[in-house]
């Protein structure tokens with residue numbers, strides 16, 4: 001049985017070998033390029049299903065708050081303008097935007113597989129099918145989850161005798177984040193990953209993501225010196241910094257799950 005100290009040393013060794021700080025920076029750049037195409041695809045899919053009309057506003061709030069917790073209103077206005085402009089594009093332009101979104105998913109796929117040291121690549125056709133499924137079904141899953149959460153929230157708010165339920169309801173965003181991370185760490189690597197290892201890594205990532213968002217918002221609000229330096233351009237560095245922190249959290253959780261997998265395989269041998 002490996003000690004906690006040795007586990008920590010192995011985790012840090014793998015984290016350094018995989019250069020996850022630099023990888024988070026590269027994914028941040030890819031995310032900035034793919035953000036508008038992703039949002040365009042998501043809301044285009046939502047517009048095709050009238051049942052999601054009521055949750056579209058909540059989805060926008062969730063996306064903008066997670067990408068830039070302290071500047072969500074301004075980011076939301078910019079993204080809305082970009083998406084509105086994209087509707088005037090030709091078919092070739094739209095295909096190009098979708099290709100950029102698929103490239104981001106491909107980068108995420110390759111990054112997570114490298115963390116698991118998986119050299120077995122999927123066939124191009126299989127990869128495209130999986131990426132397209134993520135791009136199309138992902139928004140629907142998120143929409144259904146938001147709709148269910150909204151329904152539960154309304155149900156609890158209409159009752160005066162469910163104060164405990166209202167308190168428990170505050171954990172729904174965390175549980176949803178935990179579930180999404182667990183799903184990513186289990187499905188994306190092109191190898192069998194034990195669900196409990198994915199859940200452990202996802203739990204750590206969900207905690208860091210939730211606390212990090214609150215701490216980041218507090219820092220930006222409490223120490224607004226960045227506004228004096230950047231002025232009207234302050235939103236851009238804020239968003240870049242938060243996206244990089246978010247990717248670092250995702251990669252830390254993935255590395256934890258991968259390290260647990262590695263130790264588990266050594267014990268079985």
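Just so it is clear, glycine is given a Cβ too, placed from its N, Cα and C backbone atoms.
Taking Swiss-Prot as the reference, the stretch among 32-52, 53-73 described by the feature transmembrane segment is residues 32-52.
Same-chain residues lying 6+ beyond the ends of the transmembrane segment (89-109) with a Cβ under 8 Å from its Cβ atoms: 26-27, 30-31, 33-34, 36-38, 40-41, 127-128, 130-132, 134-135, 188.
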